[in-house]
Amino acid sequence: MSTTAPAAGQLPVADTPAVRRAFLRLLLTEKRRAAVAVGLHLVAAVAAAVAPLLLGEMLDRLTAGSGTGAIDRLALGLVASIAAVIGFTWAGTFVSHRLGERLSARMRVEFVDRALRLPMPVVEQAGSGDLMTRSSADVPEAGVLFRDGLPQITVSILKVIVFLGAMLWASPLLGLCMLVVVPPLFIGTRWYLKRARTGYLNERQAESAIGDTIGASADGARTTETYRLRDRRDAAGDATVARHWAAARYTLFLRSVFFPFLDGAYALPTATVLLVGGALYFDGAVTIGTVASCAVLTRQIMFPIDHILMWVEKVQRGFAAMSRIEGVAEAEDTEANATAERPVDGTVDLIDVRYAYPSGTRDVLHGVTLSVPAGQRLAVVGPSGAGKSTLARLISGSDTPREGRAAIGGVDVAALPLDERRRRVTLVTQEHHVFTASLRDNLILARADASDAELNDALAAVGADWAFDLPDGLDTALGGKARELDAASAQQIALARIILADPDVVILDEATAMLDPRAARDTERALAAVLEGRTVIAIAHRLHTAHDADRIAVVEDGRVAELGSHDELIALDGHYAALWRAWHGGAENRADADDGEPEHREEDLASAGNPL
Ligand code: ATP
């Protein structure tokens, strides 16, 4: 897939040859239906060309004083040709619209599939506005191209060819009169096409920018209010709207020059045929019927030409939309380079890993080396901003180290094909989305072929007993206005998905941080059984999580400062030991009323005066 450079922070845009290839590839998936549609429209076009020829013949016979029998036969032929035009046009339109709908549906499915496969950093960098505009504006725009544009343009081209053929057959000289329309159409269309692609692309990109700006303003509304940034947000909004206005004005200018110009050009061929035809008739070179047939055909031919040119603009828009839709496919190319190797087990290895965020100027990990044998549990603790979540992203393959390796079972995790990676490693963060869908649909995201019994087992394993009291069981609609779930229940759904996905490696990035301490402990207890046998990397917010792990890595400023079991680190008497003493001291003095476990010390390690 070749692409043109995207605007900073936007997803790529495919270039024209790539879009043409994509268009053809889609079309070839329905080649039989396409052939039937072309055949039906071809017959309709021939029938439509026969009608003016019969009309001319009737005129000549009438002028020559032929008997009514011959005229009647010609009139019957005329009626038959009109009936054929109606019948075949209807059948051709039916088939070609079905074809268009199927192609449009296929394109949508491909787009969604590709969007879901986009690497996380790509989406983060591009911003949700760009992807949203591509799905909400570009996909429908390109859909119009397939549904309406493709059938209409094909039919129009067929008609032009057939009508021109009929004119040339009736009188080559009068047929050639059609050529007068070619220079103005060529010059006008070339002028328009040269400018339209860039014009419509700019308009679309400006629309994306408006989406991004509105989204950012809405997301940061509180911050805007707090820091009185309203004027700045307004200015940013005004700037993007001004850019869109300029882009839209430019495309309007193109249309307002091109289309009136076309109207003038259309009058030329009929006038020429009548002029030349008149002269030829008086010379006796053609009959009056031939002149009449050709004059009617020039009018007939203008409709499909006008249709084609009307569609030129929409095709431009459609192709611009397709460039942006196909641009998303670049992610598939990363799949093309995926390794064929498969991890031998769930061992996690980080070897001298260095990493800088694309938007950052400095490394946030400075040569981290860690090895977690398959089935072991490593807790990662450290102050806010130390690099714990970044480590989680690298181990999950969401990002690739700038230097060094992040491997699972001996294979670079980011090089694994997406499906394999999703099967091998699951990252659970505190953001757990419940989709507006049934409980079943929310669960089978993790494994599409899971049976109801397996779904129920997974729910039971994470202690989601509430799910068994739902009115419609697994069919109960969740999310949105249907049934809002609290954070703990949403978290349990996320954890049940892990059981269903059955990965070798599970990364819990503060997965229980949003739950209240008791709910978190309950979930973690349930998790302990669920995680049995898997390699677990737990970014620990609560010290008891670290205590229960096989080993603990203390991460500080992008480096592993301490590594060992709880007892080893206590014996080392370093940062971890200091934190543990502070926490444990509190635990002894403040027993929780219910279960005797410390409560307030289980807050965020960083915010609770964390000495790490
Ligand atoms: P916390 O406990 O607060 O979640 P953390 O230890 O998980 O912190 P990271 O989120 O990994 O730390 O962040 C490490 C460094 O990388 C920080 O300096 C942070 O500002 C920076 N950082 C994190 N995400 C991004 C991003 N998307 N772009 C640029 N810099 C980032």
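We count from 1, first residue shown onward.
Each Cβ is built from the backbone N, Cα and C atoms, and glycine gets one as well.
Just so you know, TrEMBL annotations are computer predictions that nobody has curated.
The transmembrane segment annotation in TrEMBL covers 34-55 (among others). Remote same-chain residues near the transmembrane segment (34-55) are listed as 27, 74, 77-78, 81-82, 84-85, 87-89, 91-92, 95-96, 99, 151, 154-155, 158-159, 161-163, 165-166, 170, 289, 292-293, 296-297, 300 (criterion: CB distance under 8 Å, separation of at least six residues from the stretch ends).
Summarising the annotation, TrEMBL assigns domain 'ABC transmembrane type-1' to 35-317.
Positions annotated as transmembrane segment by TrEMBL: 75-96 (among others). Counting residues 6+ beyond its ends, the transmembrane segment (75-96) has Cβ neighbours under 8 Å at 33, 36-37, 40-41, 43-44, 47-48, 50-51, 54-55, 58, 150-151, 154-155 in the same chain.
Residues annotated as transmembrane segment in TrEMBL: 160-187 (among others). With a cut-off of 8 Å between Cβ atoms, the residues of this chain six or more beyond the transmembrane segment (160-187) that come close are 42, 45-46, 48-50, 52-53, 56, 261-262, 264-266, 268-269, 272-273, 276-277, 280, 285-286, 290-291, 293-294, 297-298, 300-301, 304-305, 308-309.
The domain 'ABC transporter' annotation in TrEMBL covers 348-582.
Summarising the annotation, TrEMBL assigns compositional bias 'Basic and acidic residues' to 589-604.
If you look up TrEMBL, you'll see 589-612 marked as region 'Disordered'.
Residues belonging to the domain 'ABC transporter' (348-582) score a mean pLDDT of 84 in the model.
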